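*Asks:* Below you will find the structure I want to go over with you.
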Amino acid sequence: MDAIKKKMQMLKLDKENALDRAEQAEADKKAAEDRSKQLEDELVSLQKKLKATEDELDKYSEALKDAQEKLELAEKKATDAEADVASLNRRIQLVEEELDRAQERLATALQKLEEAEKAADESERGMKVIESRAQKDEEKMEIQEIQLKEAKHIAEDADRKYEEVARKLVIIESDLERAEERAELSEGKCAELEEELKTVTNNLKSLEAQAEKYSQKEDKYEEEIKVLSDKLKEAETRAEFAERSVTKLEKSIDDLEDELYAQKLKYKAISEELDHALNDMTSI
């Protein structure tokens, strides 16, 4: 009997243990079902989150593509602007070289004009000397005319003084011959002076024509210098505009680079979050 009671107790105990295990199994089953439901909900949520992340990734990829295209366009514009600036620098250099050559030609023309003015001054001084000589010759001729008048007066007085005629006549004739020789000599010198005066006059006319020619050239050089100065100002204005354009492009490039860097950081954060989500799903 004791053995049966003992066995009955053991069976009862086993039954109670079995009931406890059944209840525990039921509880574990319910907990597993709840955990499964929770995991399914989390999976659906993660799938939705993954879908949203993929959509956002597509959006950021498109934005990144647009940013890259804008960056390439900005780089192309910057390259074109640099080429324009280089071209302007070459044009400015050519204009400066042409201006230097024009200044050299102007300096040469001014030097020649100064030499021509000096030659004209020397010719003018020569003219004054010639005029002074001619005036002296005229004074001599006037004196000779006076002497000739005196000789004629003496000849008229010879009729009244016959005794003195022979002696004075010889003297008068001799004086008259000398006076005529001096008069002929003066006439020859006057002819030479007139010829020299014509030569000097022609030289002065030639110098005046040459001076006028240099004046015209000087006006032409001044006009060329003015045109070159205007071109230089225009080139400087265009160069300043190109520099401002390059500055704006550089700022745009910097802004795009900052935006691209921010997008990269955002993309990196999203990628890390997506990796964590995938790892969580894998571990589940």
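Each residue, glycine too, has its Cβ placed from N, Cα and C.
Pulled the feature table from Swiss-Prot, pasting it below:
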{"type": "COILED", "residues": "1-284", "note": "coiled coil"}
{"type": "COMPBIAS", "residues": "12-38", "note": "compositional bias 'Basic and acidic residues'"}
{"type": "MOD_RES", "residues": "Met1", "note": "N-acetylmethionine"}
{"type": "MOD_RES", "residues": "Ser45", "note": "phosphoserine"}
{"type": "MOD_RES", "residues": "Ser174", "note": "phosphoserine"}
{"type": "MOD_RES", "residues": "Ser186", "note": "phosphoserine"}
{"type": "MOD_RES", "residues": "Ser206", "note": "phosphoserine"}
{"type": "MOD_RES", "residues": "Ser252", "note": "phosphoserine"}
{"type": "MOD_RES", "residues": "Tyr261", "note": "phosphotyrosine"}
{"type": "MOD_RES", "residues": "Ser271", "note": "phosphoserine"}
{"type": "MOD_RES", "residues": "Ser283", "note": "phosphoserine"}
{"type": "REGION", "residues": "1-38", "note": "region 'Disordered'"}
{"type": "REGION", "residues": "116-136", "note": "region 'Disordered'"}
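Are these features on the surface or tucked inside, and what are their neighbours?
*Replies:* Under a cutoff of 8 A between CB atoms, and with a sequence separation of 6+ in the same chain, Ser45 (phosphoserine) has no neighbours.
For Tyr261 (phosphotyrosine), other Cβ atoms within 10 Å of its Cβ number 10.
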*Asks:* In DSSP terms, helix, strand or coil for Tyr261 (phosphotyrosine)?
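*Replies:* For Tyr261 (phosphotyrosine) - judged by DSSP and reduced to three states - the answer is helix.
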